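Features reported for this protein in Swiss-Prot:
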type: SITE; residues: Phe90; note: site 'Plays a critical role in the stabilization of intermediate cation'
type: BINDING; residues: Asp93; note: Mg(2+) 2 binding site
type: MOTIF; residues: 93-97; note: motif 'DDXXD motif'
type: BINDING; residues: Asp93; note: Mg(2+) 1 binding site
type: MOTIF; residues: 228-236; note: motif 'NSE/DTE motif'
type: BINDING; residues: Asn228, Ser232, Glu236; note: Mg(2+) 3 binding site
type: BINDING; residues: Arg316, Tyr317; note: (2E,6E)-farnesyl diphosphate binding site
Amino acid sequence: MSSSVSSTSAPTKIVIPDLVSHCTIPVRCNRHWKQASVESKRWLFRGGNLSDRKRDAFHGLKAGYLTSMCYPLAGYPQLRVSCDFMNYLFHLDNISDEMNDRGTHGTAVSVLDALYQPHMHPTSRVGKMTKDYWVRLIQTASPGAQQRFIETFDMFFQAVTQQAMDRANGVIPDLESYIAIRRDTSGCKPCWALIEYANNLDLPWEIMDHPIIRGLGEAANDLVTWSNDIFSYNVEQSKGDTHNMIVVVQNQQGLDLQSAVNFVGDLCKQSIDRFHYLRENLPSWGPELDREVEIYVDGLADWITGSLKWSFESERYFGKAGLEVKKTRVVALLPRRA
């Protein structure tokens, strides 16, 4: 179902919800983060052929800092691969925003070919970068983690292609459809496979497919993704981008902007509460597997709290005003680009 957002008197600011206070999970950070961050950016700049302006943006992005809070116990080799993937994922997000569905599909083919056939020699830049981190990752990742990474990354590209088609056709999906596709466009699911890789876990499918484990991953994905929709709304609205839950809620429920922000904020808080509830109701698979499950679930929790902290310290959403926004929760809206 598609329609346009009803026009109202244009607001000049929004007040974002206080998600940081609602999240009581402690922040942890990997001790190797500075070295991994520097070397990973160097890897991206060399492989991605970025302009000076885009390089500056990646310095302000601080993807290595995010990665180090999300994988705090990883050894240096695993952290470095995870940093490379995170920088690369943001790079893919940036280039996919500039593409139509055909361009997105071409990128997907290059990436997935490199993952499914690592013995081949890719010719595109993105294919070469994919192969480079993938051959390092598969040295120690369990077969299950490798398969989950590839399958969920494939789902990511299917969803991003659908998003590009919706953007081209001016389609704003209903909330239920948006939630389903956003869980894949977020890129969180392959990052959950990296939790297994970064911590040298070998979890069987019957555990990873358990409703509570899947529910924990979904709750973490929802918090990371929906809070991101709040934090990125200002930049996105200035570009006319409608792939955002705030826009979807305004469109479907006829809410004004601040009410829509509050609505999404309440959903974010509910996702944190859902995560804690499921975590307290984990079944047991025996002492050895329970320890691996605990490490995996801790990794999901690290993503929740790490992403919230990073969002205000990165320059991606609030420029250099992130810490001020964190304190006041007031975001002055950017003018729409012509």
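Backbone N, Cα and C atoms are what each Cβ position is placed from, and that goes for glycine too.
Structural mapping of features recorded in Swiss-Prot.
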residue	record	Cβ contacts under 8 Å, 6 or more apart
Phe90	site 'Plays a critical role in the stabilization of intermediate cation'	Phe58, Leu61, Ala63
Asp93	Mg(2+) 2 binding site	Gly187
Asn228	Mg(2+) 3 binding site	Ser186, Ser307, Ser311
Ser232	Mg(2+) 3 binding site	Asn244, Arg316, Tyr317
Glu236	Mg(2+) 3 binding site	His243, Asn244
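When pLDDT is averaged over the motif 'DDXXD motif' (93-97), the result is 72.
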